[in-house]
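S.K.: Structure provided below as structure tokens; questions to follow.
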Ligand code: SF4
């Protein structure tokens with residue numbers, strides 16, 4: 001009798017961070033999570049102030065931040081399979097009346113239903129490409145839904161399934177603090193609209209896409225521009241052609257990493273802490289500044305460290321380390337490459353040989369990439385499973401609730417940017433588009449379903 005030959009197949013990787021956290025809490029997985037409360041439904045945190053469990057749980061949420069009302073019990077108590085069925089049924093009924101957008105950092109159980117998966121700007125453009133849809137359901141965070149509202153048709157409703165899905169980094173640049181900063185800078189630099197002998201104004205404000213519509217509007221009113229993590233360098237070049245220096249917010253790390261790569265010395269990048277007079281900088285520092293960095297950061301990307309990179313290199317010789325530019329400068333410097341979420345995705349897709357990748361960005365994207373590319377070994381640099389607190393507030397229960405609301409003719413959780421903010425915010429976005437035209441739609445997007 002011939003010997004029985006058994007070929008062991010590698011087990012497929014589960015893209016679901018939700019499942020991983022459930023397994024950790026059940027004691028089945030040996031991995032670690034930053035907070036076991038992540039295993040509970042987000043509705044357990046909607047009534048409490050704060051960002052909820054996850055990477056932003058230590059950040060202070062501004063008073064008056066939007067809260068989500070109670071999610072009906074039928075959605076809280078439904079199983080994963082039941083919610084999946086209900087979402088699919090509602091989508092079928094709604095057809096082209098609705099477009100569902102899913103950010104790269106959303107949980108797998110939500111991304112499974114997205115018509116488009118991408119970064120915030122790609123998704124805002126996807127919304128723009130569907131003027132026929134009555135509703136755009138944005139599975140992401142608040143500033144992303146605002147941007148989609150800015151770029152979509154006035155009659156289209158942009159819906160955020162959980163109103164508590166804000167962004168701790170965007171919240172770090174409050175419009176009143178930014179207005180106050182501008183006034184203080186005017187005391188140092190004089191007339192902010194006056195040009196010098198080279199035709200440059202004293203300061204050009206630049207805001208990262210990850211900011212409120214109010215901040216984008218401020219930037220638009222003051223001759224400034226929006227940037228993304230993909231085009232930050234192009235945008236800074238645009239700003240330096242018009243201003244002596246840049247005020248960059250809210251993410252100090254993206255500003256510092258980008259300006260440093262352009263050759264701006266660190267001593268010409270003072271930090272602006274809105275809680276201190278003159279941001280905590282001296283008048284001399286401000287006079288010689290090229291980039292004034294707002295004191296903001298992303299709590300997801302701040303978790304990555306040089307020690308994690310050293311460990312990855314020691315345990316995985318030949319590992320390719322790619323991190324997001326929202327990581328601290330020392331982490332970006334210690335990596336092999338840094339780039340936006342789309343850059344990371346494309347770099348992995350372009351690798352023709354089996355490769356080990358250590359990735360410094362949000363764990364939902366990393367785990368999905370690992371599942372999609374079993375020929376590579378892909379892992380998150382941070383060994384602790386700690387998703388973005390606010391992205392994680394979107395759960396299939398809320399998605400089912402807003403979609404079934406649309407089926408019943410009710411628009412729930414609409415996000416609308418007031419006209420006086422929207423007009424200048426669009427100006428700032430249009431400047432960005434003119435600074436670097438976007439790629440053709442299909443090139444940067446992932447059609448998920
Ligand atoms: S990953 Fe960071 S920047 Fe993105 S939504 Fe979460 S806190 Fe905000």
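Here the Cβ of each residue, glycine as well, is placed from N, Cα and C on the backbone.
Automated prediction, rather than curation, is the source of TrEMBL annotations.
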S.K.: Report the candidate from 386, 388 that shares the [4Fe-4S] cluster site with 167, 298, as recorded in TrEMBL.
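M.R.: The record-listed residue among the candidates is 388.
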S.K.: Need one residue: from 79, 120, the one TrEMBL lists with 103, 208, 209, 210, 229, 324, 325, 326, 341 for iminosuccinate.
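M.R.: It is 120, as the record lists it for that site.
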S.K.: Hey, what's the Cβ neighbour count for residue 103 (iminosuccinate binding site) at 10 Å?
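M.R.: Taking every protein chain into account, the count is 28.
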S.K.: Given residue 388 ([4Fe-4S] cluster binding site) and residue 103 (iminosuccinate binding site), what distance in Å do their CA atoms have, once rounded to a whole number?
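M.R.: Spelling it out, the Cα of residue 388 ([4Fe-4S] cluster binding site) and the Cα of residue 103 (iminosuccinate binding site) are 12 Å apart.
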S.K.: For residue 326 (iminosuccinate binding site), which residues in the same chain are close in space, meaning a Cβ under 8 Å from its Cβ, but six or more apart along the sequence?
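M.R.: Looking at Cβ-Cβ distances below 8 Å from residue 326 (iminosuccinate binding site), excluding near sequence neighbours, one finds 169, 229, 251, 253, 254, 297, 298, 300, 301.
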S.K.: Filtering 103, 167, 208, 210, 324 (binding-site residues) by proximity to ligand 1: which pass a Cβ cutoff of under 6 Å to any of its atoms?
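M.R.: Only 167, 210 meet the Cβ criterion.
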S.K.: How far is it from residue 167 ([4Fe-4S] cluster binding site) to residue 324 (iminosuccinate binding site), counting Cα to Cα, in Å?
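M.R.: Distance between the two Cα atoms comes out at 17 Å.
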S.K.: Taking the mean position of the Cβ atoms of 167, 298, 388 as the [4Fe-4S] cluster site, which residues outside that list, in the same chain, have a Cβ no more than 8 Å away, listed in sequence order?
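M.R.: These residues sit around the [4Fe-4S] cluster site: 55, 56, 105, 141, 168, 169, 170, 210, 299, 300, 362, 389, 390, 391.
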